[in-house]
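Chemist: Dumping the structure here so I can ask a few things about it.
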Amino acid sequence: MLIRRSSDILPSEITPRNVYLSRRQWMAGAAGLALAAALPEGLRAAPLSASKSSFSTDEKLTSREDVTSYNNYYEFGVDKSDPAENAGTLKTSPWTIKIDGLVGKPQEIGIEDLIKSSALEERIYRMRCVEGWSMVIPWVGFPLADLVKRVEPLGSAKYAAFETANRPSEMPGLRSIFPVLDWPYREGLRLDEAMHPLTILAVGLYGETLPNQNGAPIRLVVPWKYGFKGIKSITRISFVEKQPETAWNKQAPNEYGFYANVNPHVDHPRWSQATERRIGEGGLFVKRRPTLMFNGYAEQVAGLYSGMDLRKFY
Amino acid sequence: MAERAAAPGARKGFSLPQVPKILVYGVGFVPAVWLFYQGINDRLGADPMRYLEQALGLWALRFLIATLAITPLRQLFAVNLLRYRRALGLLAFYYALLHLLTYLVLDQGLDLAAIGADIVKRPYITIGMATFVILVPLALTSTNAAIRRMGGQAWARLHRLVYVAAIGAVLHFILVVKSWPPEPLVYAAIVTGLLGYRLVHSLGRKAAPRRRPA
């Protein structure tokens, strides 16, 4: 019996591991693309490669199913299940973000170019909703600071103002005769908050591009603030001198502040913020857990607010 | 509102096939059984406790509305469903009780300090609790014996508290949501219509000469 010894194979014939791995990856990617092309708009999820980040938490992830089926995105309905059902109508390609206001380099950036030119990272963050529930979500994105630096804000720019797409034909909530908010959805950050390394623009979750209901193709994630600060499907970022108007603050200024930092000591006027329910934990018999100051990111961000009365600037 | 099937409007009414009242309870409890079944099998979505809590509250409000719809249906459309009113009212009470138990046990984990703070500090909880407290004597005096013991008029007067409960229930609903979504407003409009009808009706009766003592 002839047994071929391994030495018969010339070292030069062996395909290096990284080459065959990348070929597999390429084929998987190509298969993914072929599949994506066959799917209707909105159901496409393309893989994204991202490096790990030391900012990630090691807490148990909320399931992808829960992250993508339990959403507040009032442009597509007020029930938690509405966005997953209705957001497929949003056309996320082509997509550009207009950057204007007090910047040296105002521009319109296409989402593909932005993703290609950014170093994507996986950031596993806690997300605390103002309603009293929370999740742990593996976002894929890049620091907002990277984009801010690229457009060179002027010295007079003190705030960044964000706007969601304003498309009644694609967003049923915008056609409602009783608008829930003054559309389009708007949010804002102080420039130092925008530049903070924890603040990211997310383009994906669970290693794939964002599903529409989570704010495709690009959204803000500010993990120490209530979830409503994380504006979805961004089409415009303006750099301004004065604190910009924000959608929820305009709707009920006594309930939703501009800062909206997670704070267990400052209750919503109608409910307590001391505790939260972690989605996917315990099912019907979920146990409340204490809410942490700045959603557990106090060490990194408390300095931004030193000397401020957080009861007044809620 | 003391109900006797012998009331004048009753006989000429549009006659619907009569079903046993037990069937109303049977059908009425289907949503609760279905909700608990789905809850135990983890089929109430990402936030099952909240789903159960809200769904039970909504069913309480729906049965309260059904109870309040009996009189206008009879007076305006001669549809007489009076014999089912007690069952509908009690269903509203049972759903309110399940809603409250879900809040106390599953939502707050019987944390009495948190519950007490909620009742004192949160108007929607205060109103919700008050609404439930109002429903208790109505449920307790829902028997024929209680009606006999109290006398029809006193009983009817007590049971007018159901109007207050209906207002409390919709306020509780409106106060728990963010912004002004349509659903609680639709329920508020229905309750306003049902109570407004009674107000107009009773003003009309006062204006007209009385034929019978009240």
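We count from 1, first residue shown onward.
Just so it is clear, glycine is given a Cβ too, placed from its N, Cα and C backbone atoms.
The annotation Mo-molybdopterin binding site is assigned in TrEMBL to A:ASN71, A:TYR74, A:GLU75, A:CYS129, A:THR164, A:ASN214, A:ARG219, A:GLY230, A:ILE231, A:LYS232. Annotated domain 'Oxidoreductase molybdopterin-binding' per TrEMBL: A:91-248, in sequence order.
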Chemist: Provide the number of Cβ atoms within 10 Å of the Cβ of A:ILE231 (Mo-molybdopterin binding site), excluding the reference atom itself.
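Modeler: There are 25 of them.
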Chemist: Within the domain 'Oxidoreductase molybdopterin-binding' (A:91-248), what mean pLDDT does the predicted structure show?
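Modeler: Averaged over the domain 'Oxidoreductase molybdopterin-binding' (A:91-248), the predicted model reaches a pLDDT of 97.
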Chemist: With an 8 Å cut-off on Cβ-Cβ distance and a minimum sequence separation of at least 6, pull the same-chain contacts of A:ARG219 (Mo-molybdopterin binding site), or say none.
Modeler: A:LEU201, A:ALA202, A:LEU210, A:GLY230, A:ILE231, A:LYS232, A:SER233, A:ILE234
Chemist: Compare all C-alpha positions of A:ASN71, A:TYR74, A:GLU75, A:CYS129, A:THR164, A:ASN214, A:ARG219, A:GLY230, A:ILE231, A:LYS232, the record's Mo-molybdopterin binders, and send over the largest distance in angstrom.
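Modeler: So the maximum pairwise Cα distance among the Mo-molybdopterin binders is 19 Å.
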Chemist: How would DSSP class A:GLU75 (Mo-molybdopterin binding site) in three states?
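Modeler: Helix, per DSSP.
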